[in-house]
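S.K.: Sharing a structure here in structure tokens format.
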Amino acid sequence: MTMNADLRRERAAATFQPLLLTHILDGGPERTRRRKEIEALVLNDPDFQHEDLNFLSRSQRYEQAIRKSSLMVMKLREYGIADPEEIFWFKSFVHRGRPEPLDLHLGMFLPTLLTQATPEQQDRFFMPAWNLEIIGTYAQTEMGHGTHLRGLETTATYDPATQEFILNSPTVTSIKWWPGGLGKTSNHAIVLAQLYTQGQCKGLHAFIVPIRQLGTHEPLPGITVGDIGPKFGYDEMDNGYLKMDNFRIPRENMLMKYAQVEPDGTYVKPVSDKLTYGTMVFIRSLIVGDSARSLSRACTIAIRYSAVRHQSELKPGEPEPQILDYQTQQYKLFPLLATAYAFHFVGAYIKDTYHRISGDINEGDLSELPELHALTAGLKAFTSWTANAGIEECRMACGGHGYSRCSGIPDIYVTFTPSCTYEGENTVMMLQTARFLVKSYTQVSSGQRVTGMVSYLNDLSRQRIQPQHVAARTVTVRINDPVSLVEAYKARAARLVEAAAKNLQAELNHRKSKEDAWNRTSVDLVRASEAHCHYVVVKLFAAKLSEVSNAAVRAVLTDLCLLYALFGISKNTGDFLQAGILTSAQITQVNQHVKELLAVIRPNAVALVDSFDFHDVHLGSVLGRYDGNVYENMFEWAKKSPLNKTQVHESFHKHLKPMQAKL
Amino acid sequence: MALLETSKYSQGSVFGNVNPDLASERQTASFCVEKLTALLDGGAEQTRIRRAVVEAIQSDPVFSSENQYFQTQNERYEAAVRKAVHLQKKMHEMGWTENGPEYKYIYRALSGDVAFLLHRVFMRSISVLGSDKQIAKWIPLATQLRLIGSYAQTELGHGTYLQGLETTAIFDIATQEFILNTPKISAMKWWPGDMGRSATHTVVFAQLYIHGKCYGIHPFIVQIRSLQDHSLCPGITAGDIGPKMNFEAIDNGYLMLKNVRIPRENMLSKFCEVRPDGTYVRQGSQKINYFTMTAVRISLISDEVLTPLMKACTIAIRYSVVRRQSKLKPGEQEAKILDYQTQQEKLLPQLAAAYAFHFINNYLQELFDRGYREIQRKNFDMLPELHALSSGFKAVITHQGTAAVEICLRACGGHGYSLLSGLPSLYTKILASCIYEGENTILLLQTARFLIKCFMAASAGQPVPPSVTYLAAVKPGKCPAKNKSDFLSPDIYTEAYQHVAVRLISSTAAKLQDLIQSGAKKYDAWNQCTVQLVQAAKAHCHYITVKNFAETVEKLETKAGIQRIMKHLCDLFALHGIFSNTGAFLHDGYISAAQMDMVTASYLDLLAVIRKDAVPLVDAFDFTDKSLNSALGSYDGQVYQRLYEWAQKSPTNKMSPAYERYLKPLLHNALSKL
């Protein structure tokens, strides 16, 4: 089929070469080439083809996923793909960006063995797990507890007589709930439980627990295990439950690289627990990247479709315009497009920083870890919230057809939305960042200087010498200059951190309890963290511009950066007005400039989503097809729907006909 | 106080007692729950009737929604057809009629999972658009379900913009028939409910051609399936459009017409008729068509928005007092998550919005009834205002309701993501309301057009409809509040909302005029202002909602604590709106920076006040456990037991073929060669 004429015209009119931008997103032309090589390897492989998942039941989707996962593991080894990023690409092409039942085995079980098992334990478990004789999962979350780990209730009581741990789920709330791959797939689990030895609770520790019989795959005696039932998304994942009744495992099954229980029950404390920070930082940085990718996919679909869809009239007597020509449609989509780019750069920054700092960590230098930890917690929340809402806006911008599963956006949404909850619930994450911000503010107040992303707080102490209200501070903001806008965001963050810290202090003066004061300030604290994260995103986006050598690409990225920054102001005008950072007249100019930028970006909109370079198979959307032949393919897609399997549905004979006969 | 009355009604817990964490919330209610329920229902007698209907339906196993979350699209569809057929019988048995007081509660009791909803639209369109003769012919057949109707308007390529529809109906004088065609793929009818599998007839909207001249969109009754064996009629291609985010039970369909001939009498001809010789005649006023749209937009607010919003609040708030997480104070028990300020800030404004929208719905309903009486007297004066308000409020309420349900969903953390929480289904259902019956952005622009027109008229000293008279009294001024408690005065915040609405409407009107005076074409100027116009329309609706809430509270009886708690909710609704849009209020200095800090302080204080009554406030919505169909939100609060029990019923817990087929070889030998 030929390309839709509208899309062809859009692509011809772009002012830059999308491929150059793709290289920037991938981190260089060589990496783009390699990514596409791996993509081709998967997409041309008949073993990885299957029916449209939208038409399959949950059980069937699970089956397809398991089939592909097992093939994937074999082929990865066959092709000798071992670089983590390349494995990630391969996996996401195989599973088209969806989760799969071996995720926890590959992503948590194996790495935990590597980092927390003793050499003896590695000998026993690692190779069988590597060869998938052992399939494991990571059972942490319980029905009654998620983010608050200390509250977990599962117990592991040491019995020196037999040198075993006795595992129990003492309450309904202590049943392990949600771990992926637990419901049907795994035969082992790393279980987090409160360790009791010599009558004392020693806190949470990890244990390797066999749960199913090798050979028959039946649950072992004392183990109750199953699938937790249907969810919003994650159809291919067997999230499971696990209940243990006096289930005994040998002493050697506690992961003992750090903490240990000796045969007589003596507990040996670990040296440091800060190292687990590193893993959390890493996983949260992946979520930032995932926010960028998921939002990019949704933008690709919505913008291409908006260029293909014609509706209503703009000028009397003329043909119906592309809906992308309506200001309201541009206002919905282009700020999201700019956001997707911003988050790509933030994701890349955090990943690089993590790799840089993890070198230091290995050499025992943990000094930069607290800030990185605070930053990733906040950015994980900030980007996942924004992307979550953005995906929905993209779907809404596609009108009725966005609601059909053929648009692909419902699937992107349901797959993405749990990232607001997992790996740390977002509000809790924001409050962790706030704790760091308040601590930094307190340091500044007591005359110390702080460094890194919070160094703007140093300026506050200088300003406080002047007897003015903080709101009277003025920053000269040039609304056409990204660098100047970074300053405006900086001033807003400083103002909100200061306000939250002062409110916290005021509460502390009124009340006895620190916790109570913190709770009564938490709405302010979350706002401060959001402002801080927003500043970081604008700053990183603006900084990226100078790294771009191609003038045409730099020009279009500058437009996006300005749009991102100005749109953020126009959505939060109150903060900038109240702090006196911008005047009402400037706000009016900002609002006007946002609309001008929409018109400037309009001719490049399709090229900007093409640059994300999602293959149609990966995109999984009839509306977002590269060739734009939307309507024909919607019809083709619908004909495959399960309700259309027979011409006359069986319920006609069962219900309708008997009723009509009776009347 | 009389707090336990609702529990007498709500079914007993299968797990024994009510969770003590939930029970304790009910002990301390500051108002009488039963009285509030009666207020929401419009009187104790209405409550009694509603409960009787709900009881009759939910005790009938044919209407059970148990296991719904485990069913496939085909199974859901079949269940919906079965329920629709059974409903006919049930209504007959119970003596319920379409005009009786019970009727409006049936849909609520069924939670919507029932087929043939479009059959009702089919009947209504014939009643409104058909001639007396057509009504006499079709309505009795439809009433007895001798045929099943649908309503085919939307096409693949066109939705809200009706003039753009591409289906054609060409009049053939020789045979006195219309020939219907789908000339291209984008003209295929797409989305109509009940059309994919069930309907035998449908009302098709098509461009009418006589002698080669196009007369625009007209409605035609077309038979699409045989009444004998349900097979498709000649020239018809129809089927199901495939899986959607929700509405698994509904067979939204596609329809392609190829030279389908229907008799001349099948064009619905109350307003337009084609005579045998091909003469086209217009008759009567088409304004009534607008009125039908208005009616639909107002009627969907209650069933499609308020009900899911109130259910979501019920589930999230009950769960938030059962769920304990982390410690607020060292040494104490873990805190209920509703005791965290951030959780209150997520949920309580949504609860306030549910009440605000309930009252604005009453206001719209009254206005509509008044309009209806006027129209029957051939007075169409109220139509523009009704149309503008119904469009704007449909958009604002569906949008905010959708956002609110999503907040409830995410506020329940991981368990909210399980279908068994009930929240994903509520969300995917309510969000469709943002699109159907008019896309929200377009509707807001229609309201904006009305507002700009009224603003110009008011400025010129001409009379304007009652809801917009405030536009005439533009006063600059400043907010007079001096301390945070002043912001608990309805006069203070209502004025502030009014000020913002006037400012946004007048500044947009001024900008439109500027653009036109500087030479821009009218349509171009309009498109350049649409973002602002949308904001102006929202501000207007927000103002009316706040004003109406405050006026409603004023009129409530002070007994039983009802007025006091409603006043708190009204304050919260208003202050939350300012807190979330500070810029709009600060922009011209109407509210100062220092006053804004007072708003924030007052708003946050209110959260703690309403927190105490949160559970009674959702109990007052009076949903049965069967209606909620949620493992998290049941009346007894036995959340974890229920989750565990329901999960075990999941079909995924029956032995899956995946183990034998894929896992076994994988675990045993597949990799041994590596």
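Placement of Cβ uses the backbone N, Cα and C atoms for every residue, glycine included.
A TrEMBL annotation is a machine prediction, not a hand-curated record.
Features from TrEMBL:
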- A:20-135: domain 'Acyl-coenzyme A oxidase N-terminal' (DOMAIN)
- A:138-246: domain 'Acyl-CoA oxidase/dehydrogenase middle' (DOMAIN)
- A:T141, A:G180: FAD binding site (BINDING)
- A:277-438: domain 'Acyl-CoA oxidase C-alpha1' (DOMAIN)
- A:E423: active site, proton acceptor (ACT_SITE)
- A:482-659: domain 'Acyl-CoA oxidase C-terminal' (DOMAIN)
S.K.: Relative to the domain 'Acyl-CoA oxidase C-alpha1' (A:277-438), which of A:20-135, A:138-246, A:482-659 accounts for the most Cβ pairs at distances under 8 Å?
M.R.: A:482-659
S.K.: Mind giving me a neighbour count for A:E423 (active site, proton acceptor)? Other Cβ atoms within 10 Å of its Cβ, every protein chain shown.
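M.R.: Other Cβ atoms within 10 Å of A:E423 (active site, proton acceptor): 18.
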S.K.: Given A:G180 (FAD binding site) and A:E423 (active site, proton acceptor), what distance in Å do their CA atoms have, once rounded to a whole number?
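M.R.: If we compare the Cα positions of A:G180 (FAD binding site) and A:E423 (active site, proton acceptor), the gap is 13 Å.
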S.K.: Any idea what the Cα distance is from A:E423 (active site, proton acceptor) over to A:T141 (FAD binding site), rounded to a whole Å?
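M.R.: With distance taken Cα to Cα, A:T141 (FAD binding site) is 10 Å from A:E423 (active site, proton acceptor).
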S.K.: I'd like to know which of these binding-site residues, A:T141, A:G180, is least surrounded, judged by other CB atoms within 10 A.
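M.R.: Lowest Cβ count within 10 Å among the binding-site residues (A:T141, A:G180) is A:T141.
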S.K.: The domain 'Acyl-CoA oxidase C-terminal' (A:482-659): mean pLDDT?
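M.R.: PLDDT averaged over the stretch: 95.
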